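Asks: Grabbed the feature section from Swiss-Prot, which reads as follows:
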| type | residues | note |
| --- | --- | --- |
| BINDING | ALA47, SER48, ALA49, GLY50, SER51, GLY52, LYS53, THR54 | ATP binding site |
| DOMAIN | 26-488 | domain 'UvrD-like helicase ATP-binding' |
| DOMAIN | 515-802 | domain 'UvrD-like helicase C-terminal' |
Amino acid sequence: MKLIPFLSEEEIQKLQEAEANSSKEQKKTAEQIEAIYTSGQNILVSASAGSGKTFVMAERILNQLARGVEISQLFISTFTVKAATELKERLEKKISKKIQETDDVDLKQHLGRQLADLPNAAIGTMDSFTQKFLGKHGYLLDIAPNFRILQNQSEQLLLENEVFHEVFEAHYQGKQKETFSHLLKNFAGRGKDERGLRQQVYKIYDFLQSTSNPQKWLSESFLKGFEKADFTSEKEKLTEQIKQALWDLESFFRYHLDNDAKEFAKAAYLENVQLILDEIGSLNQESDSQAYQAVLARVVAISKEKNGRALTNASRKADLKPLADAYNEERKTQFAKLGQLSDQITILDYQERYHQDTWELAKTFQTFMSHFVEAYRQRKRQENAFEFADISHYTIEILENFPQVRESYQERFHEVMVDEYQDTNHIQERMLELLSNGHNRFMVGDIKQSIYRFRQADPQIFNEKFQRYAQNPQEGKLILLKANFRSSSEVLSATNDVFERLMDQEVGEINYDNKHQLVFANTKLTPNPDNKAEFLLYDKDDTGEEEESQTETKLTGEMRLVIKEILKLHQEKGVAFKEIALLTSSRSRNDQILLALSEYGIPVKTDGEQNNYLQSLEVQVMLDTLRVIHNPLQDYALVALMKSPMFGFDEDELARLSLQKAEDKVHENLYEKLVNAQKMASSQKGLIHTALAEKLKQFMDILASWRLYAKTHSLYDLIWKIYNDRFYYDYVGALPNGPARQANLYALALRADQFEKSNFKGLSRFIRMIDQVLEAQHDLASVAVAPPKDAVELMTIHKSKGLEFPYVFILNMDQDFNKQDSMSEVILSRQNGLGVKYIAKMETGAVEDHYPKTIKLSIPSLTYRQNEEELQLASYSEQMRLLYVAMTRAEKKLYLVGKGSREKLEVKQYPAAKNGKLNSNTRLQARNFQDWLWAISKVFTKDKLNFSYRFIGEDQLTREAIGELETKSPLQDSSQADNRQSDTIKEALEMLKEVEVYNTLHRAAIELPSVQTPSQIKKFYEPVMDMEGVEIAGQGQSVGKKISFDLPDFSTKEKVTGAEIGSATHELMQRIDLSQQLTLASLTETLKQVQTSQAVRDKINLDKILAFFDTVLGQEILANTDHLYREQPFSMLKRDQKSQEDFVVRGILDGYLLYENKIVLFDYKTDRYDEPSQLVDRYRGQLALYEEALSRAYSIENIEKYLILLGKDEVQVVKV
């Protein structure tokens, strides 16, 4: 097809006018049209939240295809795999529709080819592109195409540690070992080993991986801050800060004297206030830095007189207490800043004195890092295993050093498109530059939604182009998409009100002006006063907070407030739970949130990506078990195992065993004491009673058998042996959240198996890997389980990006920002390089022996201070963007939820606004989102803000006030008042009579088991008799049966029962890896993992199982593994017909496929049979029970049921 010319500016303008004058219900905006059709230059689309950027991107691609561009000529980068999939699906629909609409034969054929090529198009993440690229061109760098990705963090950590220790030993024993020893000691802290240094090395390495050339950055930028250090200018800056701080203090005190101080006319502190004002008043325009520093020193000294209470308003009058508290709080804030400035004077002096020494240390660090980076790179090349960043680095290296490859891609790509451009890092930016011809880039993003700095994303890449294109259109075209089609006017007005007053270039990195303000464009949503955004504050006093912290089970007031609003939406407005989202900045308080919601019976679905797998109790128990098997001399792990439900030793028993020390030993560990107790070889052997001795013997025997088994079997087999020997897997399944716990244990076995398949073998290395993951403060992802269909969504703000919900609650507004990065021993900056805290050894000059002659002083380098300030501004800017993302997720109504004392907050004072923004100090001193929102509410009271704040106290959060949806546990304890003992025997006898009457009336309910299995409830379904493996072929036909008089087989040969075959077959079907092609060889390998005897394995017909996957149902399962659930436990309430009491049914479903409006349930049976109808009749009731459980769980009525019959020579699939 011949290329059709792209539209000119005039043609685009005509198109915009025509769209504006059209009668369409939902019109494209002029900016959207411009973004879709503009061509011939670099284009940056700044697309605010809900402005339809995905629509614009898809329409632009479709327009190019319709003009004759091939889909293979477009490079389209998305932030996630999911986004790429969604874009491909959207394009598939649009191209198909265009084919149907057009009459142009050439266009039809062209678009048909594009549709066929769509699966192979360069649409995906940068990582997916670089993998394909390196697979094709890696030979240029001698990289084999069969490389693998180090996605397993634990494996990566093991490799990293091995390389670190190799490089460490080389430096520790090398020619520069003295200077290296100094570096080592600088990061040792209280420890005596290399862990402190190793932690900083890994941190720097992660940073280097985000640069386009790590070694180049190390050599050119790592020491830049030391090279350009200017202490004279720093002293001048500090003097300016001191001036400003003293003037702020003067303004505060004068305002206080002119207003509130009149209520405290004779208070003693006012004399000191006047004294300080006189000191500040002595300064003038001629005062130099020395004068300002002297006044600062005298002011700070005055504040410290009278044990620091010289300026404290100590009024005890109840009516004046709020005024006094507000003054004291602001005074503390002011003097905290003055104290910091005073400290900075001293620190700057030390920084200058030790600058050269710190520089030398940094050079040593630079050398070590360079050697480590190169050694680790070489090690990964030996393994032919790389991180994603390595793949990108090699891709850049090829594109830079092989012009013919670069030019071929530049000629191939008509346009280089990137979505979520604000989250691009420097590697990706360099790659995009190399793939582009310089004027064919299309970049879409929103700097206000850049929230991935922790992944080394740099919003300044976007911001630099935004500023450049805005000032000089010749550089590139800037298009602003501001119209929001997602949210109500109430949500948008509230968001604008917040960020117009909060975000600017100084704090926030951008000016939130008319270029960034959200514009309401969803004509389907009419204004509704009920949807006005609310800032809800749980009114807590100090005692209330203390009470809350006393017990984990007591619900926080903040969550009760949220639950009350959720129930109000659900019950009064008919809002479905799934329309409500709870957003948090982190998952640290998720346990409290989940507890509160469950107590009120509110279904909840989490984002499923908590990296706290190793913290789950059941996994911790198993890890301690493995530690003990590896080395029983570890007391902590041994006690954990003995106290666990697997063995159940209590504190009394452990105390008795801990006293079993041999008389001739000074110190013994617990395991040795257990051996002593077994041998009765201790002076305290009398403490070991018979029951304890038997319990101990059982424990020691089992532990010994596990240790022996571990020597000759895989980790996977060992873990399953532990589960089976002590029924631990079954035990955790009966606990609350049992399916998730079982999934965690199952995943532990799989992860152990994966570990041993990645060239690492043995229990010792597995435990070391886990300990290293924990030591590095990492964790593994938790295991996802099937969520409820209608449930409140609980997720982090990061996870919510790109999603939308009718009702959004932003929780924990009072949760402090995470500032761990600014407390590190090392802070890095792309501009300044390394900032480090230097440990100086200083002489004290002490003469007395009891005083130390030297002390160690931690001195942050000048670059460290500069980087710290840069990091603080970047962190606060990112927190603002995080709040923006959260607020713009709401479609109808937004709730911002926090807590605080109304009495204290109402009297809090803030500096006046400047240029319509909060004072920069107010913004930078905020500890959390709530501080910003409250300051805006107070400073801009007269502005009629589009959000209102409301305090909710304890009296409004009683059970009665909250609502009636709570579901009380049937085992809930009665109050002590109900259990009081009777005062008289007569009353006691009356109570006994009542109990007897009650027991008689409810005998059926008392005798009813509280938990039953499907086979136990045949009173409901008589045919339900789950007797897997029982032979029913020829049932009832004894005629003609040959009678045998052979002697029974009394040999010791292992006998195999049908039940054993059935159990093993089920486990095999559960273990089969459906992501790989199934062959007889792969099934044989999987069968080896099944926990059973070889005799049972020999009875399983693998050909038959392979044949099943060739059936219609088998093929459907293979094609829909993302919808497949296998071995799924379930529990369901049923009612006993006789007693009319509820009981729990528990069971395990062999498997089912879960679709949007349908479920396909299947169950394997290994029974022998003549006719399939025999098994259908037998198991019809059981499947009906499973059907009911699934229907109730997912609210889906359409359920197909199949029996997979494996009891004959050929497999049969029967629909029930």
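Positions of Cβ are set from backbone N, Cα and C atoms, glycine also.
Distances, neighbours, how buried they are, the whole picture for these features please.
Replies: Over all protein chains present, the Cβ of ALA49 (ATP binding site) has 25 other Cβ atoms lying within 10 Å. Secondary structure at ALA49 (ATP binding site), taken from DSSP and collapsed to helix, strand or coil, is coil.
If you take every residue in the domain 'UvrD-like helicase ATP-binding' (26-488) and average the pLDDT, you get 92.
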Asks: With the ATP site defined by ALA47, SER48, ALA49, GLY50, SER51, GLY52, LYS53, THR54, which remaining residues of that chain have Cβ atoms positioned within 8 Å of the Cβ centroid?
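Replies: For the ATP site the neighbour list reads VAL56, ASP446, LEU481, ASN484, PHE485, ARG486.
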Asks: Just how many other Cβ atoms lie inside 10 Å of the Cβ on GLY52 (ATP binding site)?
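Replies: I count 22 other Cβ atoms within 10 Å of it.
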Asks: Which entry in the list of binding-site residues, SER48, SER51, THR54, has its Cβ near the fewest other Cβ atoms, using 10 Å as the limit?
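Replies: Each of the binding-site residues SER48, SER51, THR54 was scored by Cβ atoms within 10 Å; lowest is THR54.
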Asks: With every protein chain in view, how many other Cβ atoms are within 10 Å of the Cβ of LYS53 (ATP binding site)?
Replies: 21
